[in-house]
Structure formats: C-alpha cells, structure tokens
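This report concerns only the one structure given below.
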Number of protein chains: 2
Amino acid sequence: MSSDVTRRGLLGAGAAAAGSAALLPDRAAAARTRRRSADVVVVGAGLAGLMAAREVAAAGRSVLVLEARDRVGGRTLNRELTTARGTFVEIGGQWVGPTQDVLLGLARTLGVETFKTYDRGDYLFHREGRTTRYSASTPLGAIPPDLGAVEAFAAIGQLDAMAATLPLDAPWTAPRAEEWDSQTFETWKRANTATAGARLLLDLAIEAVWAAQPRDVSLLHVLTYIRGAGNETTPGSLNRLISTAGGAQESRFVGGSQRVSLELARALGRRRILLSAPVRRIRQLRGGVEVHADRVGTVRARQVIVTAPPAVSAFIDYDPILPADRAQLLQRFPQGNAIKCMAVYDEPFWRADGLAGQVTSDGAPVRITFDNSPPDGSPGVLLGFIEGHLARVWSRRPAAERRAAVLESFRTYFGPRAASPREYVEMDWSAERWTGGCYVGFTPPGVLLDYGQAIRRPFGRIHWAGAETATIWNGYMDGALRSGRRAAAEALAG
Amino acid sequence: MSSDVTRRGLLGAGAAAAGSAALLPDRAAAARTRRRSADVVVVGAGLAGLMAAREVAAAGRSVLVLEARDRVGGRTLNRELTTARGTFVEIGGQWVGPTQDVLLGLARTLGVETFKTYDRGDYLFHREGRTTRYSASTPLGAIPPDLGAVEAFAAIGQLDAMAATLPLDAPWTAPRAEEWDSQTFETWKRANTATAGARLLLDLAIEAVWAAQPRDVSLLHVLTYIRGAGNETTPGSLNRLISTAGGAQESRFVGGSQRVSLELARALGRRRILLSAPVRRIRQLRGGVEVHADRVGTVRARQVIVTAPPAVSAFIDYDPILPADRAQLLQRFPQGNAIKCMAVYDEPFWRADGLAGQVTSDGAPVRITFDNSPPDGSPGVLLGFIEGHLARVWSRRPAAERRAAVLESFRTYFGPRAASPREYVEMDWSAERWTGGCYVGFTPPGVLLDYGQAIRRPFGRIHWAGAETATIWNGYMDGALRSGRRAAAEALAG
C-alpha cells in the first residue's frame, strides 16, 4: 500500500517539481498564490508532525502540514533495493520495542505489522584485532566475553539507579542535577570504571544510542534519556536502550518503518500535506499566526506546531523573535552523527554459520552491526553503523573509499563473503539539511540545567514537538509520536 | 565626528525605514530592484566585516557590506546618556589592552583616542555577605583578600602552562587535546582546587571572560582562548584576560568603542554599506556567488565573507548546502549570556571613598563591577555585569525587577548613594537576534576536537570571519579585526 502511494507520487519524490534551485523565484511568486488557512499548521511531516495533524483532524479542526522535503517521514525513510524490487530497507530509524506503546498501538491501527529482529545464534565481539563468538541467550542477555563487561554492567546498574531519581518532566530539578549536568559522560566514565574493557563497552553504548562520543554529552542528558526509556509504569533502563531481545531493537516493521509515516499521511489525505514547502517565517499577529513557506506562500492559522529538530527549527525567522532562552536553547542542542550502511547479499550467509549478525567492536569505521534482512531472509542484508567521531571523519571522505572501508569491516567480522555484496546502500544523516544529523539532538553539559524549562514551553501560539521534546522515549519514533500528541493537545486547548 | 554621522542618519538608526515588520513584502519586491554586484560581498558590518571591507577596498577591488541591523558596529554599540547629552557609554564591547595591536593601531589611524580605565584606589571583594577592601596595586596586581586566592593563582599558572602547549592555529592537534576537550572546565576546577575560595575566583574568571558557567565550556576551549590572549611574540595568559592594568580591561576609547566601527564605516563610505539588509540566502554558482538580502535583493559577487557569529550564520540558507562538518559546527558554537547594566550618578562618588569601583563578588545578580565614567569623570557611571547562569535567569524577569536587583547589588557594594542613580541603562545581548548572545561563542566539550578544522576553512567562495574565528584575541574586538583581515586576504587571493 505504502509503496503504492510512493509510486503514484502523491507523497513521494515525484510530488514536487520545485526543487531547492527554484526557491527564490517561488518566494516572489508566493505572494500571488491563493491564501490558505487552517486551525492548526504543523511544520514538518515526520512522525511528530503527522501524529499532531492526526489528532487535530480527529478533533474536527482543520490542519495543514508543511514539509520542507519532497516526502513525508522525517527520519524514517524506506529505500527500495535495486537488486530486489519490492523489498525495502530503512535508511533511517527502524526498530520498535517493548514499552514503545504509542508506536506499537498506532502501527496496529494502521495495519503495519511487526516482526522480530533476527537475533538467533551467536553474537561477535571484536577487540584488538581478535573476534570472539559468544552466546546472546544467557538468562541475563548478551554479555560480551570481556572481563570489562562485569564493570560495564555494574556501571549500567549505577546509571539506571541515578536515572530513576529524575522527575520525568523536569530532570533539571533533581537533587543532583547540577553535579550531573556539570560533567561529560566521559568524565563520569573515567571516574567510575577502571578497565579498558568496561570503558570500551560504555563508549559503544553511547555511540550506539546517541551517535556521539561520551565527551560530547552531558551526564544528566544521558540519565534523562535512560529515565525515559520505559513507559508510564516501567522504569527506564540503559539495557533497554541497547538491547535487541526485550529492548529498543527487538522488532521491525514489515515493509519498512516509513510505512507508519506513509499510512499516517494517507489517512490524513493529500490535501492536508504540502510537500517541498520549507517554512521560512512564522509571524504571530493579534488573533493568529502567519506561516510563510516556499512554494506555498502564506498560510494563516490559529496555532502552529513546529516539529523540526531544535537545530533545524533555528533556521526559521520568528516574528516576534523567540524569547532569549528558546533562541539560545536552539544554539545548544546539536544533532548526532550517524551513517547507516547496508550490504546486500543473495542470502544471510552468517546465519548458516550460527551467527546472529550482531557485532560490537573496537574497530573502524563500523563498530556495531545487525542482520537487517527482510522477514523471509531474502536477500541477506548486513547493517553497519558509523557513529559519532568516526561518522564525522568518514563523512568527509569520498563515497567509494567509505564503501570499501565498510565492506572491509564486514569482511573482518563475517569473513570473505561479506566483501562482495550485490548491492551497497548508505545514508549520511549529518549531511541532511532538514534533519542536521542523527539519531537525535543531545545536550552538552549545562544546557538542561539552564535551558531545560524552555524545551516544551509554548511561545504564544507556537508549540514545540519532535523526538527531542519527548519525555518518554526521547529521540525515538515512539517519543516523536508522543510529542506530536502532546503538542496537538496544547494547540487544541489554545 | 561619529556622533555627527549617527545624527545625520547615514549609518545610524534612522537610515532605514524598512523595519523587520516590512520584510516580507520586501522579499517579493526584491526581484524588482536593480541588480547590484561587487568583487566581494561582506555579510555583517561589525568590526570583522568593516575591516574585511576596508582591506578589499584598499586592494582596489569593489566591496559591498550587507548588514542585518539598521546600524554598524555589531557587538560594539554606543548609547548616548539621556541625562548627559553628548556623553556616550558602551552597551557592548568596550575595552582595549596591551597586545591588542591591530585594534590599537587601527584606532590610532582613525583618530579614535584611548584613555585608561579608572583604576585608582581599592578594589572590593564580597563574599558570604561581607565586603572587604583591598589594594589592587601590589607588585603582583590585584589579589583578592581570600585564602583561596593562593590556590586560584596557582591554578591560573597551571592553565597558562597548559595553554602554552597548544598550536595557535590548531589547538585540537595538541598532545593532550583529547583529554582536555573531554571535560568541562568545572570538572578540571573540581579536580585541581580544594578551597571554596579558589573555586569562586575561578568561577568569576570564567563568568567574566565567557559570560558562561564553568560547566558550559570545554577545558580545551578555555585553554585555546588563553593561548590567544597575547600576540605573535607575547604568550597568552588568563591574567591578561581578567586584568585591568596590563590586561584586556586596561583602556577605553574616547567617545565610546563604537567610534572605531563608525569611523571605519565613514572611511568606506555610505555607498559600500547597506543597512537593514539581513542576508537570507547565499547561492554559489559557476563563476560567482549570489547573495540575497531583504530590502536589497540579489547581489552578485566573486567572493563572500560571512562575519556573523556561528550560531547566527546558521540562519542563512546556503545553496549548495554547507558541508556536514560546517553545518554541524554551527549547531555546536553557542553564544554566552551577558546583560550589561549601568547606573549614572552626578559624580563617581566611590572615588572620594578611595575606591576604584571594581568589585568581585559571590552575590547576585551583579558579581563584577567597573567604574565606567567618561574621561572627565562626569557623570559618574557604575557598570555591573550579569553573566552566565544569572543572565539566563534574569533575562526572563521583568525589566523593573531586574533594575531594582542591580541597584540593590550596587548599594550592597558601594553604599546607599548607589541606590538612587539619575539614569539606568541596560542591554541584554541574549535577546539580540543578530548576535544571539554575548560576549562570544564558546565551544562545549568535544567540539574543537571533531569540528575545529572547519572553523576557518572556506567553503568554495565563502570565507568565514568574526571574533569567533580569530586565533589571536578570539572573542575580542582585536580578534574580530584580525579575522576580517585574514578573510579579506583569502577572498582577494580567491
């Protein structure tokens, strides 16, 4: 269904002839286009924006979604394989797991089915040039065969306990918030672990979850994120963030995660979503808002919901200007760095070797892998992430060099067959103008403490949504949906 | 002379009828205005931009400066006192000191004279409710009467020695760069001092220089800044950053520091500077650049120099888009927070009490003060800064409440006469759209290490200037001028 929508060009790449090269003439032309209006304008057709629009429409109010790109889905994005027509892989966010109730419920409603991430067989641990197999199905889950794992798991327990002391809506008010927001996670790691193995495992955890380095993120931000990795009744935990079985990587969506966005968009209808319409200006007037977008011109509304990541929402010209704390928050909420790389093979050959396809490694550029094959295991797809520092370095190198290095990583972990895929797919989110980096925006030290109160606080008729504003499952698809629902409630009450 | 220019409205507030409220119609109108062109377009008429334009013009090439505001000067801004017509105070950057050779030389050339900051008599140190006088003219300079001062001075010596190991142009390549960019200054402070007094003095130093908290800034950034607080032959030092005599606060400009900008602009001529023209888009084409600005429309150029602070230059729509590392650098270079507050009295009454007018304090909201009277000491002007965390908090409060609190700080330090000024002036730079905060952009942990190489690297025909890009006197007027000179040389060679 969703691919059908894409192919018909209603919400896909073919929808808008007006590319960015044509923007300026469009601006001049904008004044001549007909005036549109809606009760609520939503900026951004990612999961947060589409969910917000759904809620507004469900309440019987009119809504218009303005999307900068020529497609919906934001950080969820399906890619059809060239060598397997009709088979999609995700080059954006893809997994869903327990306690992500809003996403799971919505997918069910929309008829998007889930299946378990392939997780049978042994995992691989690679350190200092040596690859070791280990069982992932111990009663305690996957424990890497390194003495440092003992210390790493103790540290994780400590972090979970610290996180549990945080008020979900206002972690910056916690008793020890100032201490925790005054240091990087790196500082905490060095003070609380002694072995190189534990430090490596914690590095990998931070890289895998934030696509940033332990030195980039505030300890309080890490704890806040852990705190939210549960639901209203289940406390968050770092293990849930990094695990496959029982964790955030447990399941996948049949047909690709973007189907959730595509089905949401389909249900809303094409008249409610305007693509290739980057919002340039939001003007609050007595009694309403004027939203100015390329190609579309001016849209009048009673309320507006901005769902772009903080760093991207800073591009908009706000009139009147944003309050100082909001404006400065947007200077202090950088996006992480992830390059998602996939190699496609005739079959998932590692399965026959008794391997799950999952690696954690001190190598480069790929340090984390997954089996990302479709439900029927055909073709075989190996997924590797380049994250944080390595993504920054490798983003600057030529594509061919990067491809060769990724395949060399795969070869190191999975043997010579991995070196010759029939297809190679990659996506560098750092180079995406309308996202600014992935997986998510994070806060360096000091930001939550002094600017946390500005993250969700509306500014007049402007409401803020997006994965970065979520309290539960911040940074995840589920959090994005929750944020859209919250912002819609605000706007409907406004 | 400069006030004359301002009054004539050539470069002052009266120059442009088109305020921000009129921007949108202007955009549509822009296409109909005549096409302009220049060899080099400079974005921003602060010291960096004006210096760059001066250099380009001196080389016989045509130049056009596009400025978002309706005035020149950027973070330098004179304010005429209401109760003393013809007398100006600075509500932006104001001081100049030894080794700031480019600024001192330029001021001399432009006929802008300097005078010594009033620095005679005792300083005041306020801690835990008690105010103590102390002599500032010991052979070693001003040493606050607190045992913690011993430890603080030892720490400063240590920091200077660490800073001396940094390569001026690439501190991120220093042997210990990774260690130093992995922690906040707060972390270093806690690990390297034991007394509350030393920690207070270091807090005050960080707040005074960066208008941020020790938890906000990377240790490597602090060291980089110290490294640059000298000149080509004199090594930088933290003491030079925080001192009056012999330091960055040593001297002031007769008529106010903005006169340097105003005289630069006068020498360039009004035809070369277009005010109220915020640049919205920079488009690089084969053989040239198109710069699109409100009110002005499209300007064609061979090269462009962008001088806005990093966080503000992020608002521009770049086509093609910025390389990922540049785009992400702009997400990671927040501006500090300073509210500059001045109370005006018939005379500088504290002088008669044998006081220099300088306070360092653990109080709030004002923790640092100066005597900011004009050269003849009439009227008396007391200057207080609200910085970092306190500026964030006080920025959100009503103006009347803030004024009362500032005057209460002054009264605490200087007695009852301070409570009743004849005039009160303040400027909150955090609320300035085209600056985004003061004094300067700083980098949190991890940024210099992974993005430092992008700070000055040109992107095609786009060159980067501004105080944040300086290697010597980064963040200062002198650094801004040096950055303009460097960028002009790049553009002229391009």
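Every residue, even glycine, has its Cβ placed from backbone N, Cα and C.
Unlike curated records, TrEMBL annotations are generated automatically.
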Note: TrEMBL has B:E67, B:A68, B:E468 binding FAD, and from B:V260, B:V279 that site also includes B:V279
One should report the C-alpha separation between B:E67 (FAD binding site) and B:F385 (substrate binding site), rounded to whole angstrom, as 27
Between the C-alpha atoms of B:E468 (FAD binding site) and B:F385 (substrate binding site), the distance in angstrom, to the nearest integer, is 21
Between the binding-site residues B:E67, B:E468, the one whose Cβ has the fewest other Cβ atoms within 10 Å is B:E468
Per DSSP (three-state), B:E468 (FAD binding site) is helix
CB contacts under 8 angstroms to B:A68 (FAD binding site), restricted to the same chain and 6+ apart in sequence, sorted by sequence, are B:G44, B:S276, B:A277, B:P278, B:V279, B:A308, B:R433, B:W434
Cβ-Cβ distance under 8 Å, sequence separation of 6 or more, same chain as B:F385 (substrate binding site); the residues meeting this, in order, are B:A208, B:A211, B:A338, B:I339, B:K340, B:C341, B:V366, B:R367, B:I368, B:T369
If we take the residues B:E67, B:A68, B:V279, B:E468 that the record assigns to FAD, their largest CA-CA distance in Å comes out at 19
